[in-house]
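Listed in Swiss-Prot for this protein:
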type	residues	note
ACT_SITE	TYR52	active site, proton donor
BINDING	23-24, ASP47, HIS114, 158-159, GLN180, 207-213, 256-258, 262-266	NADP(+) binding site
MOD_RES	ALA2	N-acetylalanine
Amino acid sequence: MANAITFFKLNTGAKFPSVGLGTWQASPGLVGDAVAAAVKIGYRHIDCAQIYGNEKEIGAVLKKLFEDRVVKREDLFITSKLWCTDHDPQDVPEALNRTLKDLQLEYVDLYLIHWPARIKKGSVGIKPENLLPVDIPSTWKAMEALYDSGKARAIGVSNFSTKKLADLLELARVPPAVNQVECHPSWRQTKLQEFCKSKGVHLSAYSPLGSPGTTWLKSDVLKNPILNMVAEKLGKSPAQVALRWGLQMGHSVLPKSTNEGRIKENFNVFDWSIPDYMFAKFAEIEQARLVTGSFLVHETLSPYKSIEELWDGEI
């Protein structure tokens with residue numbers, strides 16, 4: 001099964017696995033087993049972030065997988081992300097060093113700016129009074145230095161609108177390799193998809209199933225009638241069809257699960273496809289962004305006065 005996985009090519013030349021394991025909201029105590037199961041099933045990309053609070057546990061499992069020769073380090077693609085409290089240029093290398101220590105790695109394959117937002121250093125949680133003016137150019141220069149050092153084999157961004165990505169591409173010496181954003185049949189990101197393709201930036205989808213396990217998001221992505229009709233006709237689960245849709249759209253997907261059965265099911269998306277006439281039906285699905293980033297918006301204290309401003313109208 002491991003051989004069945006397909007890859008995308010990044011603008012660095014690196015091979016980027018088309019399906020990865022998301023670890024957002026994967027509880028400590030469960031995430032390690034999920035990572036071990038996923039790697040044994042054939043996953044070759046683990047998507048992490050410092051703010052998820054589970055990198056130490058993932059690091060311990062990775063170490064064991066390497067020691068037991070289940071997989072070689074060079075055959076795994078590991079992503080992590082710079083949190084909003086570490087955007088000051090002097091804090092960027094320290095943040096990556098902490099992540100590398102926790103993950104017990106010498107390098108990450110991809111390091112992303114998690115959000116285009118800055119929060120006061122040392123803040124716990126996100127309070128409006130701790131939001132600071134954003135300076136992406138300075139932060140990006142520090143990211144480029146990490147790329148130069150080899151500690152981050154590729155660098156990129158997450159939650160960037162088309163405009164924010166375009167602004168960054170104007171000034172970047174090392175262009176971002178990836179923009180990781182919410183993307184699923186109920187939030188297709190058509191404009192951003194087209195822009196990324198035109199600029200050689202790979203779009204990677206978090207919440208490709210609409211985060212069904214998340215309590216604070218109202219998500220009906222997997223209940224969509226069109227998705228379910230296609231799933232029934234193809235003899236697949238709605239989750240498999242949502243993931244396969246993403247691959248056929250030309251982007252990678254990062255489904256999160258700590259259930260071994262679902263981890264396996266989510267990986268079984270390579271040896272079949274959605275026929276064109278069914279694929280066309282997805283254009284009829286009503287669109288709604290789930291992760292609005294409202295926690296970064298405040299009418300007086302934030303650089304983003306509205307959700308429209310945070311996403312530059314892409315809502």
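Note: Cβ is positioned from N, Cα and C throughout, glycine not excepted.
Locations of recorded Swiss-Prot features on the structure.
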{"residue": "THR23", "record": "NADP(+) binding site", "DSSP class": "coil"}
{"residue": "TYR52", "record": "active site, proton donor", "DSSP class": "helix"}
{"residue": "HIS114", "record": "NADP(+) binding site", "DSSP class": "coil"}
{"residue": "GLN180", "record": "NADP(+) binding site", "DSSP class": "strand"}
{"residue": "LEU209", "record": "NADP(+) binding site", "DSSP class": "coil"}
{"residue": "SER257", "record": "NADP(+) binding site", "DSSP class": "coil"}
{"residue": "ILE263", "record": "NADP(+) binding site", "DSSP class": "helix"}
Among the binding-site residues LEU209, ILE263, the one whose Cβ has the most other Cβ atoms within 10 Å is LEU209
Least buried of the recorded positions THR23, TYR52, going by other Cβ atoms within 10 Å?
TYR52
Lowest local Cβ density among SER257, ASN266, which the record lists as binding-site residues, within 10 Å
SER257
If you draw a 10 Å sphere around the Cβ of HIS114 (NADP(+) binding site), how many other Cβ atoms fall inside it, taking every protein chain shown into account?
21
Same chain, |i - j| six or more, Cβ under 8 Å of GLN180 (NADP(+) binding site); the result in sequence order is ASP47, THR79, LEU112, GLY156, VAL157, SER158, ASN159, LEU203, SER204, ALA205, TYR206, LEU254
Whole-number answer please: how many Å between the C-alpha atoms of ASN266 (NADP(+) binding site) and the residue listed as 'active site, proton donor'?
21
Just the number: how many Å between the Cα atoms of ILE263 (NADP(+) binding site) and TYR52 (active site, proton donor)?
19
Taking only the Cα atoms, work out how far HIS114 (NADP(+) binding site) lies from the residue listed as 'active site, proton donor', in Å, as a whole number.
11
Alpha-carbon distance [the residue listed as 'active site, proton donor'; SER257 (NADP(+) binding site)] in Å:
14
